[in-house]
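Visitor: Sharing a structure below in structure tokens format, with a few things to ask.
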Amino acid sequence: MSRLLWKKVAGAKVASGPVPATGRWVSSSVLDPVPSDGQPQSQMPSSENGQLRLNPLHIQMLSRGLHEQIFGCGGDVPDEAAVQRSIEHLRKHGLWGQPTTPLPDVQLRLPRLFGGNLDQHFRLLAQKQSLPYLEAAASLSEAQLPPQPRKWVWAEGWTRYGPEGEAEPVAIPEERALVFDVEVCLAEGTCPTLAVAISPSAWYSWCSRRLVEERYSWTSQLSPADLIPLGVSASASSSTQQDWQEQLVVGHNVSFDRAHIREQYLIQGSRMRFLDTMSMHMAISGLSSFQRSLWMGAKQGKHKTQHPTKRGQKSQKNANGPAISSWDWMDISSANNLADVHNLYVGGPRLAKEPRELFVKGSMRDIRENFQDLMEYCARDVWATFEVFQQQLPLFLERCPHPVTLAGMLEMGVSYLPVNQNWERYLTEAQSTYEELQREMKKSLMELANDACQLLSGERYKEDPWLWDLEWDLQEFKQKKAKKVKKTASASKLPIEGAGPFGDPMDQEDPGPPSEEEELQQNIMAHTRLQQLKSTTDLLPKRPQHLPGHPGWYRKLCPRLDDPAWTPGPSLLSLQMRVTPKLMALTWDGFPLHYSDSHGWGYLVPGRRDNLTELPVSPTEESAAVTCPYRAIESLYRRHCLDQGKQQLETQETDLAEEFLLTDSAMWQTVEELGCLDVEAEATVESSGLSQPLVPPTACAPKTSQPTYHHGNGPYNDVDIPGCWFFKLPHKDGNNYNVGSPFAKDFLPKMEDGTLQAGPGGARGPRALEINKMISFWRNAHKRISSQMVVWLPRSALPRAVTRHPSFDEESHYGAILPQVVTAGTITRRAVEPTWLTASNARPDRVGSELKAMVQAPPGYVLVGADVDSQELWIAAVLGDAHFAGMHGCTAFGWMTLQGRKSRGTDLHSKTAATVGISREHAKVFNYGRIYGAGQSFAERLLMQFNHRLSRQEAADKAQQMYAVTKGLRRYRLSDDGEWLVKQLNVPVDRTEDGWVSLQDLRKIRREASRKSRWKKWEVVTERAWTGGTESEMFNKLESIAMSDTPRTPVLGCCISRALEPSVVQGEFMTSRVNWVVQSSAVDYLHLMLVAMKWLFEEFAIDGRFCISIHDEVRYLVREEDRYRAALALQITNLLTRCMFAYKLGLNDLPQSVAFFSAVDIDQCLRKEVTMDCKTPSNPTGMERKYGIPQGEALDIYQIIELTKGSLEKRSQPGP
């Protein structure tokens, strides 16, 4: 049945009855667990020299025992010519003959494998795991569904509707497959309000108790009773996963619906799995981020023009981006929302989404009053999702034919994060710390504003480098005319006379302690003056003035007296105001910040003289008010140079700051975001012969008016500041963008390295800047974090392993968060989730950054996981190795990935850093950026972002040097027309040994051809390739896949999105396509791991479940007693997954250095390293002292084998 179904739906070819190698493989016909022979698995016999294996390039491979168990006896003999070619290549790049240290061999008896090879093994495992769900999906997609009910029942719980619309209450929909949709009244919290489901046999509706029963208020804490029951009714405390029925739930963005299902919060998990039509759409016809912006722009302009080409021409004319010549992809793709996806796959009238606004903005009363209409809306969405699913399923199985893809996505869809009462404590502590720091910052800013206001005395503000251009106009004190002129005049002089001007000697004299008579006289005089003052109240205007005598900018910061939220002082001041950077006296490399309406935030560089002559000889009051104190700015910069140890106003070579702390998902997200900005313009370069960097914006000043001692983004001389040039602050997306706030998170690294700092005088400015940095994480993320849906489990819902554990506390709370992971949220099929998959690691200067550590295992359980070491780098390297000479490590890139050592400077990042003269951390970003398809212009932008002191030309030179050494030089093979032109025109051409010609020769040929035959366009190139670099072969392989007729991942054969296929995009979007090859292969890697782990957990009765995968790391929730066996399972999984990659690429071997995880983490919480105490401003004492969580264990393969005796069998497991 399984093979027939897969052949029918997926077109998978499964060989029947392969002959297994003796003692190594189990026949593919055996899908049930292999019976034990009653003996524990023993380790491989050890021999001192018989196990060590080296390939011809002196790279240590798997031990003989492991190699024979996985790949069989013997092996491919490498071609001698290929070996010599590899040696010469490595010698050219200074890597041949480098000393290496062999690793101890791993002696391990693996579980017996299915099928005749690794591919069949994984195929059969995945078929077994996904078959029940595939059968359910097939039956659902082929079913004739019953008609929709005409009227929906107003009743708590589930209602089933028969074929004739008859309604009956049911406990749960006992169906194998459902299309499901949940709606939530957001005004009432996250509790589900109503739901609709459909199966092949019936419609179902569900209403919450909060909808049916009217109460004044409901508790905000959610329990399982508030959620939707959808699984088999069983006692949660005694059930295991095997007690649940296998069910499939289909939905659009189904992770949202899953978060409202009761059984999904149980620790043991269930056998319900989820298929997301949004994820399937991304895999079939998803859009890259750049395509999505084009698609949205075209959609918004549809009423203006209907022809895509015209839209494209318009975009080319108006946009700063690349010229898009092919628009066919727009007809076979869409955005991700259900309405657009339904329109793409099904067509017909557009879905009406207006009723959804009632759930977003309305109250529960509104929903009750519109119950039938809203149920109808929800049912329409369910029906639309079913229609989309019918069209998608065969397309998905055709384009992702390997069963591992489906099985991996099903497993990815059941992420689970356990939490306890520490979660609420974390939220409280982080918010209170944030508010306390915010109050301190507010106080510092208000004091800065009060101090700045004092500069009005003596017009000292005119010499201030920051405050000179603020509104210093004063509002005069107004009063009514007095009836009795003489008395009023004499009386009105008294308070003024007594007040005296600021700094008057009368106020500063100290005559000593007064006598009793003097005190009495003073009291009488004070009483008299008070009475006189009271008598003048009638002179006040009817509407009181707002702070007369204070400058205009200060008055705007103070609330009016009639404001209900009035507080004294400049309490309206915040970081979002433009005056704040000026009050804090912010400087950029010693230059004062300045705001321009046309260019945003920048800074003033003194020394300009060409605009000083334009100053009026006798300036008016207005012009004097805006005269820049350029001499004060010069003095400010001189002091900065002295403080920094600079003797002259000249640029000094400085080390790059380590501002990019790139860890876990931040690495690839940062690079991918920047890489998307890069546009491949190779065709233009080839035809035009222009390879110069981009011309600076026209707004920049001519060379005759720019500073010699400073260069940056500018100068922009349309900002005419006498005596100064205006330079823009660098924007992360390029110089054409304006900076809206210097307090944005992109400038935090510049605050840390001292480039952006508060000015001289006092500690208030620097402290406010420091606090801004500390609260930045919580300010940006607290809404997402605080709105996480936490469901607390009653004791009856906890398994015995928890309640009987010694550390179980009756007073504590235990619950879970279900991260709403979109299993394929990008065109690379990467998972997407806004909070957990983007969470950074704990930092001592970031409030709330200990977020991940709040995921804590319940008593009796631990979190077991590991990071895949250099996942994308190894995938790209092994692709290049297989392409070049068919040996591991035969390219310089592959050798550095496998054998490179940071201590010797031979690893990839150290080599790149040494080549360009940058830090190793920055080199990581460039290396990943190239692999993701980013070109040289990306490197130029990134170099200037890392080091803003670089000129554009310096950045271009460094980038060119980096790409010449790594990616190599572009070479071309001439077509028949090209060869004919060379002969006919007698064009001298230098060729390599392989017949390649350079870009310069190609331009020469084209120039001569266009001169002799003006109107004919010659196709002179038949093939392009990179040569001479450490990564040339790898890029040639990536580009050959990306430019093939139907790009597929090399291991699992998944197709690229239809919107990026060469037939519809021609030569466009190459960055996205090359990026897809590596990242989509990394998703294949993850899916293989998930399938292998599920097999080993079931085969050897390891009590655990999948928790989450964050980019290249996986975490499992495991019973404490099974923790070491789970760690061994992870190591075996990594070994088999890497071997699967090698096998599919024709490399029947694997280097020892990448076979196993460097360490498997066993911990009670989720953190990057088991030794991290996660100290932050909101957790100053650390995890152990505050939350009672000790350090975990990090075990390598040798330690794990020692603890488990190399066996996954339970009886061999040592006690804790």
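Think of each number as a place in line: the chain as shown, counted from 1.
Using the three backbone atoms N, Cα and C, a Cβ is placed for every residue, glycine included.
From Swiss-Prot, here are the annotated features:
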REGION    27-50  region 'Disordered'
COMPBIAS  27-37  compositional bias 'Low complexity'
MOTIF     179-183  motif 'Exo I'
MOTIF     250-258  motif 'Exo II'
BINDING   SER289, SER574, LYS783, THR826, THR1071, SER1072  DNA binding site
REGION    301-321  region 'Disordered'
MOTIF     377-385  motif 'Exo III'
REGION    488-518  region 'Disordered'
COMPBIAS  506-518  compositional bias 'Acidic residues'
BINDING   ARG560, HIS731, GLY740, LYS745, SER840, ARG846  RNA binding site
MOTIF     864-873  motif 'Pol A'
BINDING   ASP867, VAL868, ASP1112  Mg(2+) 2 binding site
BINDING   ASP867, ASP1112  Mg(2+) 1 binding site
BINDING   ASP867, VAL868, SER870, GLU872, ARG920, LYS924, TYR928, ASP1112  2'-deoxyribonucleoside 5'-triphosphate binding site
MOTIF     920-935  motif 'Pol B'
MOTIF     1111-1118  motif 'Pol C'
Visitor: On a C-alpha basis, identify the one among ARG560, ARG920, THR1071, SER1072 that is nearest to ASP867 (Mg(2+) 2 binding site); the candidates are the binding-site residues.
Guide: ARG920
Visitor: If I take the Cα of SER574 (DNA binding site) as reference, which of the binding-site residues ARG560, SER840, VAL868, SER870, GLU872 has the closest Cα?
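Guide: In terms of Cα distance, SER574 (DNA binding site) lies closest to ARG560.
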Visitor: So which of 250-258, 377-385, 920-935, 1111-1118 has the most C-beta pairs under 8 Å when paired with the motif 'Exo I' (179-183)?
Guide: 250-258
Visitor: Short question: which residues 6 or more past the ends of the motif 'Exo III' (377-385) have a Cβ under 8 Å from it?
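Guide: For the motif 'Exo III' (377-385), the far contacts come to 145, 148-149, 152, 179-181, 183, 194-198, 203, 250-252, 277, 338, 342, 346, 351-352, 355-356.
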Visitor: Rank aside, I only need the closest one: which of the binding-site residues LYS783, THR826, TYR928, ASP1112 has its C-alpha nearest to that of GLY740 (RNA binding site)?
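Guide: Considering only the listed binding-site residues, the nearest one is LYS783.
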Visitor: Of the binding-site residues listed here (SER289, ARG560, THR826, ASP1112), which is spatially closest to LYS924 (2'-deoxyribonucleoside 5'-triphosphate binding site) when Cα positions are compared?
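Guide: Closest by Cα distance to LYS924 (2'-deoxyribonucleoside 5'-triphosphate binding site) among the binding-site residues SER289, ARG560, THR826, ASP1112: ASP1112.
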Visitor: For ASP867 (Mg(2+) 2 binding site), just give me the three-state DSSP call.
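Guide: ASP867 (Mg(2+) 2 binding site) sits in a strand per DSSP.
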Visitor: Output the single range from 250-258, 920-935, 1111-1118 maximising the number of Cβ pairs under 8 Å to the motif 'Pol A' (864-873).
Guide: 1111-1118
Visitor: When you look at SER289, SER574, LYS783, THR826, THR1071, SER1072, which the record names as binding DNA, what is the longest CA to CA distance in angstrom?
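Guide: Max span of the DNA binding residues, Cα based, is 41 Å.
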Visitor: Ranking the binding-site residues ARG560, LYS783 by other Cβ atoms within 10 Å, which is at the bottom?
Guide: LYS783
Visitor: Which of the binding-site residues HIS731, SER840, VAL868, ARG920, TYR928 has its Cα nearest to the Cα of LYS783 (DNA binding site)?
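Guide: Ranked by Cα distance from LYS783 (DNA binding site), first place goes to SER840.
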Visitor: If you measure from the Cα of THR826 (DNA binding site), which of the binding-site residues LYS745, ARG846, VAL868, ASP1112 is the nearest?
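Guide: Ranked by Cα distance from THR826 (DNA binding site), first place goes to ASP1112.
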Visitor: Which one is it, among the binding-site residues ARG560, HIS731, LYS745, SER840, VAL868, that lies nearest to THR1071 (DNA binding site) by Cα separation?
Guide: HIS731
Visitor: Fill in the CA-CA distance, HIS731 (RNA binding site) to SER870 (2'-deoxyribonucleoside 5'-triphosphate binding site), as an integer in Å.
Guide: 30
Visitor: Please work out the helix, strand and coil residue numbers for the motif 'Pol C' (1111-1118) from the DSSP assignment.
Guide: 0 helix, 6 strand, 2 coil
Visitor: For SER840 (RNA binding site) and SER870 (2'-deoxyribonucleoside 5'-triphosphate binding site), what Cα-Cα distance in Å is obtained after rounding to a whole number?
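Guide: About 18 Å separates the two Cα atoms.
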Visitor: With Cβ-Cβ distance below 8 Å and at least 6 positions apart along the chain, what are the contacts of ARG846 (RNA binding site)? List them in sequence order.
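Guide: Expected: LYS773, MET774, SER776, PHE777, TRP778, SER840, THR1176, PRO1177.
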Visitor: The motif 'Pol C' (1111-1118): mean pLDDT?
Guide: 94
Visitor: Determine how many residues of the motif 'Exo I' (179-183) DSSP places in helix, in strand and in coil.
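Guide: For that range the per-state counts are 0 helix, 5 strand, 0 coil.
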